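Some notes on the structure that comes next.
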Amino acid sequence: MSTSTSLSKIGLSKSATSVIPPLPILHNHFTAAVGKSSIVVKAVAVVVVIGYLFSFISSAIPYITITPGYVMPPNFRVYSFILYCFVELHFWHVLADVAVIVLFGKLLEPLWGARDMLIFFVITNLGVGITTAFLYFFIYLVTLNEEYLFEVNIYGLSGYIAGFCVAVKQVMPDHCLATLPFGKLRNTHIPLTLLILIILLRIAGLLPGPYPYMFLNGMIVSWIYLRFYQKHTNGNRGDMADNFSFASFFPSQFQPLIAIISNSIFSALVKVKLCKKPQRRYDVSSPTTITVTLPGTEPHDAERRKQLALKALNERLSKPDTTPSWPSLDDEGPTSPTAPLLPSSQNLASHVQAALKLPDADSAKLTKSSALEHV
């Protein structure tokens, strides 16, 4: 009896220790991410914590959050459009904000740089504050309820969290986060999934009223900036890839209808010169092929896919060769200087790197010539 009791205790202790270790591991990963982050990430995280401390001063809340009725004359508190995003009233919201800021710096700062990340932070939060305030003005005009003007406080980084989800969808759309009974959850599904979850939490009374509006506006503002205005290193602006269209945020069953609506709106904006029509670039430098690209798709998507392919290749080459060697059919006799049947890893790496830099037609020729060379 004592043996079974001791075994049960050992089993309980083992199960308990199997649950406890992830917490120190997460803490170590978070500490390492903060330590490697830039001064921009650290500064924004510190200011968010300071804004949370200011929220304990109840008389300061109307001045550091956006109250739609006070941003117009005679009060004219336009500075609140800059301060509101650093204010949180609950500690768990601060933890979520800091985690997203650090994760943004870890995933996207190496691709964008600290300057572009700061520009994205400012544009997203400023756009979310302005659009959400005007949305409450519109609600007031419909309902004539003054509470929407003077009793609403807009604050927090929920709009920026939406922008982070949109940016991750742009960079790594097909990355699988989890396998669920009804399918795989990928980065491309996160923005709409979180929006639905926030709406449900708001209906349940677990989130403040402005949060769903801020998250939706954050999705729209960040997508518009990344789609049409973000400047790339080669001088192009935006990302006109098909997997980053507005319809791609929705399930495939609704994408054709959403595409018709969004394309009609875009055509109208082009006619009034609020948006520019994407210009195709023709590369005629190659005598055999002509490459047609849209702005935002060449350095952005091609370079990203190139890096992913090279990373996968390096991981494949770094693995030890576990293939058993076949015994020789001839016991004796000199070895003939014949070429190997398969290319070496160095030649394979050079061919793959060359194929990644060439157009599709040249890549096919290179692959064919490589096969003929080693046969």
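Glycine too: its Cβ is placed from the backbone N, Cα and C atoms.
Given the structure is predicted, the values throughout are model-derived calculations rather than measurements.
Feature annotation from TrEMBL assigns transmembrane segment to 39-61 (among others).
Marked as transmembrane segment by TrEMBL: 81-105 (among others). Sequence-distant neighbours of the transmembrane segment (81-105) (same chain, 6+ residues past either end, Cβ-Cβ under 8 Å): 30, 33-34, 37-38, 40-41, 44-45, 47-52, 54-55, 61, 64-66, 71, 117, 125-126, 128-130, 133, 154-157, 159-161, 164, 167.
The transmembrane segment annotation in TrEMBL covers 117-142 (among others).
Annotation source TrEMBL lists transmembrane segment at 148-168 (among others).
What TrEMBL lists as transmembrane segment is 189-207 (among others). Long-range neighbours of the transmembrane segment (189-207) within the same chain, counting only residues 6 or more positions beyond its ends whose Cβ lies under 8 Å from a Cβ of the stretch, are 158, 161-162, 165-166, 168-169, 177, 215-216, 219, 249-250.
TrEMBL lists 213-230 (among others) with the feature transmembrane segment.
Annotated region 'Disordered' per TrEMBL: 318-346, in sequence order.
If you look up TrEMBL, you'll see 334-345 marked as compositional bias 'Low complexity'.
If you look at the transmembrane segment (213-230), the same-chain residues 6 or more away from its ends with a CB under 8 A from one of its CBs are 116, 120, 123-124, 127-128, 131-132, 135-136, 154, 156, 158-163, 165-167, 170, 191, 194-195, 198, 237-240, 244, 246, 249, 275-276. Sequence-remote contacts of a segment are chain residues at least 6 beyond its ends whose Cβ falls under 8 Å from one of its Cβ atoms, and for the transmembrane segment (39-61) they are 83, 86-89, 91, 94, 97-98, 101-102, 104-105, 109, 114, 117-118, 121, 153, 157.
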